[in-house]
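**Student:** Once you've had a glance at the structure underneath, I'll fire off some questions.
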Amino acid sequence: MMRSHYCGQLNETLEGQEITLCGWVHRRRDHGGVIFLDIRDRDGLAQVVFDPDRAESFAAADRVRSEYVVKITGKVRLRPAGAVNKNMASGGIEVLGYELEVLNESETPPFPLNEYSDVGEETRLRYRFLDLRRPEMAEKLRLRSRMTTSIRRFLDENGFLDVETPILTRATPEGARDYLVPSRTHAGSFFALPQSPQLFKQLLMVAGFDRYYQIAKCFRDEDLRADRQPEFTQIDIETSFLDEKEIMGLTEQMIRNLFKEVLDLEFGDFPHMTFEEAMRRYGSDKPDLRNPLELVDVADQLKDVDFKVFSGPANDPKCRIAALRVPGGASMPRKQIDDYTKFVGIYGAKGLAYIKVNERANGVDGLQSPIVKNIPLDNLNAILDRVGAVDGDIVFFGADKAKIVSEALGALRIKLGHDLNLLTCEWAPMWVVDFPMFEENDDGSFSALHHPFTAPKCSPAELEANPAGALSRAYDMVLNGTELGGGSIRIHRKEMQQAVFRLLGINEAEQEEKFGFLLDALKYGAPPHGGLAFGLDRLVMLMTGAQSIREVIAFPKTQSAADVMTQAPGVVDAKALRELHIRLRETPKAE
């Protein structure tokens, strides 16, 4: 081996020992004839001192520059008391350099790697191999590795088998667009890259493997956001002969173990909340419980008011009127309220009514709002009592279709929590359960809220008689308002699977064409089974405090699903296209 130690391994116990380091010159400093080099490797930093008394090594140190790759041999010694650097793991020692060999030189990097600089993300991604040298970026990937090691160890110890499933498969309707791969040997046919290993892991349960897991690559061709990538990684889990309570308990234990091992944080038992309660109180199926703000229904107090903006929705069973109290918000300037009004408009809200509670004892005169003149004082007081309003508060209102009100005020709740620093703790894990089986589309048809293979809490006959009211055996783990993972008990009987397909508008011919292999498998003694999948990238993002999952993936794509480093996707030559039986059509020019 070229080295004896990593930089991060050096400490006071090695005093007096001769060691050899290999790494990059992170920083070079010349202090009164003594040269200091900070050497960096994947494990950390170490300070090496070169003294003019050793002429050859001193001359070599004088020639090196930032990002040169070097091999250094020297002796570990304690730093003087006033020179200890508590910000470095090796800050109590330094290395007196004897020998320095330059293994490779470096051009000046396009951005500094040894200090913070506000570099555009595209530049960082273009030179990702340099960006990853920065200690804060390397630390994120080291933590990611520790996380997957912890997860694999836990699952191995609990009897799970790591089984790989196909990457080249066939397209199935799972919500997002598939990435398609043309087949050279089957002209006109295409493979699809998997959006998840869902059906294969269910087939492994039919095959009797009982407990499966995989750190799986998945692919979705969809519009990207801060927490989405076209290719992403799932911690994929499936079990047989366990019910939802047992699966949730096992995976909760895995996450608690992960946080303890990696961050030394201990969580208690995760609270459970139904989908209905989460939407009613927080306007979201993944509520952030660190935020104390809650939505409160007040339609019953507004049915008879002479104000159609409220009385209309209050008397419509498909609508909702909810109030959101913000403690101390009465001092909020009008511009800030206008900004929040524009914000809820993103979610379809037509406006944002409000009441500033200046002095409740003065009745209507103590309230500041354009709407109070339209609401009787008794009703106003009933609303303010219900939301717990006191002097100095502001109360926002949403009145519209139930979905719009929940989403708009739910998003406003999150924004207010961050803008006003209302969060009460650092971590708030939970489970959301009892999801609806389906969501109804505008045309009256149904879509699966999770996926078509989720088992309902009723019989096939009951499901088909009342699909809108059916609940599923699904469960989501949520942390700080982010869905960490979602899962369910699966359908293991053919007649139930066919009933769900029918309700989704998939006729028998299409069922056979797209899911014939699954329906066949369900005829041959499929066991009760269920599972869960965690988004690894999202989990790493939360545990490292990163702002985007692009920060925790070694080589991510941009928000336009491109790789600016390798220039992917790229043009394919005509010969390759002919072999794939593909002909490109020119895009018509705009007139």
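Every residue, even glycine, has its Cβ placed from backbone N, Cα and C.
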**Student:** Which one of 198-201, 470-473, 570-573 shows up in Swiss-Prot as region 'Aspartate'?
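**Tutor:** Residues 198-201 are the ones Swiss-Prot records as region 'Aspartate'.
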**Student:** May I ask you to find which of Gln214, Gln229 Swiss-Prot records for the ATP site already listed with Arg220, Asp221, Glu222, Glu483, Gly535, Leu536, Asp537, Arg538?
**Tutor:** Gln229
**Student:** Same chain only, please: residues at least 6 beyond the ends of the region 'Aspartate' (198-201) with a C-beta under 8 Å from a C-beta of the stretch. Say none if there are none.
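**Tutor:** Contacts with the region 'Aspartate' (198-201): 165-166, 169, 172, 174, 212, 214, 236, 238, 451, 453, 515, 517-518, 531.
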**Student:** Going by DSSP, is His31 (site 'Important for tRNA non-discrimination') part of a helix, a strand, or coil?
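**Tutor:** For His31 (site 'Important for tRNA non-discrimination') - judged by DSSP and reduced to three states - the answer is strand.
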**Student:** Most Cβ neighbours within 10 Å: which of the recorded positions His31, Arg220, His450, Arg490, Arg538 is it?
**Tutor:** Arg490
**Student:** Average pLDDT across the region 'Aspartate' (198-201)?
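**Tutor:** Averaged over the region 'Aspartate' (198-201), the predicted model reaches a pLDDT of 97.
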**Student:** Taking 10 A as the limit, how many CB atoms besides its own sit near the CB of Glu483 (ATP binding site)?
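**Tutor:** Glu483 (ATP binding site): 17 neighbouring Cβ atoms within 10 Å.
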**Student:** What is the number of other Cβ atoms found within 10 Å of the Cβ of Leu536 (ATP binding site)?
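**Tutor:** A count of 24.
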**Student:** Would you mind pulling the longest C-alpha to C-alpha span across Arg220, Asp221, Glu222, Gln229, Glu483, Gly535, Leu536, Asp537, Arg538, which the record has binding ATP, in angstrom?
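**Tutor:** Largest pairwise Cα separation, rounded: 20 Å.
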